[in-house]
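Have a look at the structure below, then the notes.
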Amino acid sequence: MLTCSQCLHANARTLKFCENCGGSLADVAAAERVADESEAEFMLLEVKKAKGAIGLVAILQIVFAVIWTLTDVVDTTGMVVMLGLGGAFAGLWAWCRSNPLAASIVALLLFATMHLADAIVDPSTIKNGIILKIFVVVVLVKAISAGLKHREFVRERGMA
Amino acid sequence: MGYREPLSFCGECGTAWTQGASACGSCGKPRVRATQVVKTGMSSGAGLVSALALYFVLLGTLLASYLLDTADFFDVLDSILIVDTIVVLIWAFVHRADLVGPLRTLGELRYWGIAVAAVPVTVAIAYANLWAAVHVVGTTNVDVLQLCINAGYSLPFLLLTWSLQPAVIEELAFRGIVFERLSAVVEPRAAIIVAAIAFTTLHMAVLSAVFLMCLGLLAGWLRWKSGSMYPSIALHLLHNAVVVVLMWTGVW
């Protein structure tokens, strides 16, 4: 709503002049746009919170790949798989800067898939780091939901 | 924002309304504003959740098959094939509004050309990828397709289950439902990448991830550029068919 500065009539967002008094709405619209942009920026920060969780997963994957290879817990194939996943999360971490919503969707798919697969192959792995797993999933789901809200807001307000 | 009676001044140009006129005398704006068009179809949030649910249901069928290790391996394989086909067709029915357009478009001829011309390249990438997995990483390669060939399945049956079914059903799922729902929330380029990664991870084969990713990206690009499902289906169908025939004849 664009509130006319002269008569306080509430006008639709698309209008250029007040329908009640005929005064220009250009200044009100400009102020509204600035407010919208800062609100959108703020909403995007919520989405970018996924970055920390994704970075953490990347670091843990790579660190455990090295430790488990040195202590012979995994073979070369296992190491390549773990490093590949670590690299993928590192890539997603970088992607978060330009497209946090897409990166969060991919991170959730990848994270859930690898842990579900682990759980099926060896059910004893479910409890390993369960708090961390739940934390990562919650952060990613919240980021995706914030990303959808941001997207809806931007579209509604007609911002690029 | 519903219907509202316009007031004393035109909101477009600021001129006072002439009594009884149906449009603004200065800029021609109609006096009665049309009510906002009601959005049809599912919301972008619900659509994304539905697409993610499809991914996890397909993943679930695959993971459930690992738990059935006491059953006959080839029975399990056939069951997944049938269950996944039914699952994707159910989702396709729910998302039919998304799929009608791309299924009614044939796409420009050059995208068909690119799809066909890319097949030798994708097969070569697949070969190099699997060669590296065996010889560089040193994995003991258990190729399910090879097992099926050794089990004595006939070539037409292998082409049906390894080429036609995956091409139609996987493309319908990833380049149809998943791509369409993702492009409602992110830009097309990002949607192609996300759909390709989902396609790759669902195969549960980290060591073949490189060629699956290439195939997924190319199929997504074809779907985006051509606006049709068919070039990507052709690419997937031919790629798988060539691999099946090469393995069948023992060239691979």
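Just so it is clear, glycine is given a Cβ too, placed from its N, Cα and C backbone atoms.
Here is what TrEMBL says about this protein:
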DOMAIN    B:156-242  domain 'CAAX prenyl protease 2/Lysostaphin resistance protein A-like'
TRANSMEM  B:46-68  transmembrane segment
TRANSMEM  B:80-99  transmembrane segment
TRANSMEM  B:111-132  transmembrane segment
TRANSMEM  B:144-169  transmembrane segment
TRANSMEM  B:190-221  transmembrane segment
TRANSMEM  B:233-251  transmembrane segment
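Counting Cβ pairs closer than 8 Å to the transmembrane segment (B:144-169), the top stretch among B:46-68, B:80-99, B:190-221, B:233-251 is B:233-251. Tertiary neighbourhood of the transmembrane segment (B:80-99): same-chain residues 40-41, 47, 50, 54, 57-58, 61-62, 65, 161, 165, 169, 172-173, 176-177, 180-181, 229, selected by CB-CB distance under 8 Å and a gap of 6+ residues from either end. Residue counts of the domain 'CAAX prenyl protease 2/Lysostaphin resistance protein A-like' (B:156-242) by helix, strand and coil are 77 helix, 0 strand, 10 coil (DSSP-based).
Along the domain 'CAAX prenyl protease 2/Lysostaphin resistance protein A-like' (B:156-242), the predicted structure has mean pLDDT 92.
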